[in-house]
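Worksheet for the structure shown next.
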Amino acid sequence: MKTIDELIADGVGGKRVFVRADLNVPLDGATITDDGRIRAVQPTIAKLAQNGAKVIVASHLGRPKGAPDPAFSLAPAAARLSELLGRDVAFATDTVGDRARDTVAALGDGEVAVLENLRFNPGETSKDDAERGAFADQLAQLADLYVGDGFGAVHRKHASVYDLPARLPHAAGDLIATEVAVLKKLTEDVKRPYAVVLGGAKVSDKLGVIDHLLERADRILIGGGMAYTFLAAQGHEVGISLLQKDQIPAVQEYLKRAAAKGVEFVLPVDVLVSADFPDLKTKAPANPDTVAADAIPADKEGLDIGPRTRELYASKLADAATIFWNGPMGVFEHPDYAGGTKAVAQGLLDSSAFTVVGGGDSAAAVRQLGFDENAFGHISTGGGASLEYLEGKTLPGLAALED
Ligand SMILES: Nc1ncnc2c1ncn2[C@@H]1O[C@H](COP(=O)(O)OP(=O)(O)OP(=O)(O)O)[C@@H](O)[C@H]1O
Ligand SMILES: O=C(O)[C@H](O)COP(=O)(O)O
């Protein structure tokens, strides 16, 4: 992969450089609740601007349905980027239309613009190569050079991630370079015991990594929305908890293989349940019940790991030499369900392991719960991306930068 410094050495002054970032930050209305992903890519943008490039920043935010939707606008992210850079940042209210073209045409050397959400266009995420290609052609008209630095999205075969770099001279940004260097260590000579903690809500995206981890990890701790598919696979009632029914046979197979290989699967022994998903806006008290993991009432959902599980997980992390953690243990955005995630974060810090936290929400959780992000070995901006990297999969957004 060409580095950004090599691209700069070739000359970026006066050139329009398209930076594919991952500005998919958590929002409360128009307020950014964690700006970690913007801070992570800001040095790349600043470096290009300092070297005289006309910088065009593009990203997705959330999962809009291929059409403009104000709830998913990147305007708040553009405003925050402007604060972080300490300079004006122009914002184009479309992605490839007149406003984007005009905004880019108005950029002076060393100036920065952000385009509106790439996913407002159906071509960005299309499974049809021609439709994606046509959108990439439109994006390519805006720029002379491409820098891939949206590590959180490199596992997506999307127009701006995969097709666009094939159309422009390209390089990898500093964030991607750092992420790959750290995660590579976990695929090579990992110090043991190697413990992996998996949670979160994007269950179907994440179950696949277990297949790979069974060959590498010594211990796999499961929490968050993931846990209920495992509990169901063991024959337990999970009520109205998050459940990936079609994955139950695969999970049963994982449990069998783990037992045969001596890989320890650690599942919740108790959980916090409620009949209602908590109100994340008002944060009104949720008054959950604590129940044994094999006694979840049929009309309730599990929303955090319970106190006995927190202790158990802390003990399973204490003597680890390497820990990779992806996905909150519960709905940490509500204080009544933040305890499990807090306990695991503390467990990482109390160990003397090399610790890697992966995922936009996991990283946000660590910061929102008051932990010092510098106390962890590495906080990755990629959730699904870091997991697929560890799986050894070819990631479209990295492959596209390679030649
Ligand atoms: N038991 C649960 N039921 C429902 N949602 C849950 C549960 N446990 C955790 N979550 C939710 O999971 C979400 C985070 O999951 P996600 O899989 O997106 O994490 P991530 O990998 O860190 O982030 P990303 O994939 O965005 O990089 C949080 O919003 C949290 O509220
Ligand atoms: O949050 C993430 O993991 C990345 O921004 C990718 O988002 P996606 O899962 O909606 O593609």
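Positions of Cβ are set from backbone N, Cα and C atoms, glycine also.
Among the candidates R37, R39, R80, R132, the residue that TrEMBL annotates alongside D22, L23, N24, H60, L61, G62, R63, R119, R156 as binding substrate is R37. Of the residues K191, K206, K245, TrEMBL puts just one in the ATP site with G302, E333, G359, G360, D361, S362: K206. Ranked by CA distance from S362 (ATP binding site), the binding-site residues H60, G62, R119 have G62 at the top as the closest. With D361 (ATP binding site) as the anchor, the candidate binding-site residues are D22, N24, H60, R119, and the one with the nearest CA is N24. Counting only the Cα atoms, the space from G62 (substrate binding site) to G302 (ATP binding site) is about 24 angstrom. In this structure, the binding-site residues G62, G302, G359, G360 were compared by how many other Cβ atoms lie within 10 Å of their Cβ, and the smallest count belongs to G62.
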